[in-house]
């Protein structure tokens, strides 16, 4: 049976949603692991990653159930939600790939100023203090701080920020195309008649 067949469409859609379930569990696991071992102390960062993972898990679960049962209503809502996720993810991924150095510096500084816990995480992991300079009367968790040999964190962050943005943008762009594939598969699958069903049934 070719890939236009009912069974092939069903299996492809199930496989795609199993992939999404695995990715969602991986995101939740990595966020929990980072929080447990103290690699990330910011609750906002960990909570955001876990929230995205849980959302993806439920969307993928709905798609998987809808595909297995050929449930028209569930597949319709799954298709709409997946298309909206595609639009958001494609836009963010394109922005990550298109951002220039000046915009990158502005975003980094805004992100730095918004969270004290993120500042501590960065200072500890990159062994630096302050963004462009260390503020007076402020402590620092970096190992270099007692020796007063710390560099500003902006320089170290900027060394890796471009590579990280390109990596995140590329991964996001790849998954956005799997999402539009999922929308197409769902639309195609919804309009197929189950060969095992009653031939006179209306789908």
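Backbone N, Cα and C define each Cβ position, glycine as well.
Whatever TrEMBL says is automated annotation, not expert-curated.
Residues annotated as transmembrane segment in TrEMBL: 12-33 (among others).
Within its own chain, the transmembrane segment (45-66) is flanked in space by residues 13-14, 16-18, 20-21, 23-28, 30-32, 34-35, 74-75, 77-78, 81-82, 85, 115, 118, 182, 186, which lie at least six positions past its ends and keep a Cβ under 8 Å from the stretch. Marked as transmembrane segment by TrEMBL: 45-66 (among others).
Residues or ranges marked as transmembrane segment in TrEMBL: 73-92 (among others). For the transmembrane segment (73-92), same-chain residues at least 6 beyond its ends with a Cβ under 8 Å from one of its own Cβ atoms are 59, 62-63, 65-67, 172-173, 175-176, 179-180, 182-183, 186-187, 189-190.
Taken from TrEMBL, the feature transmembrane segment applies to 167-187 (among others).
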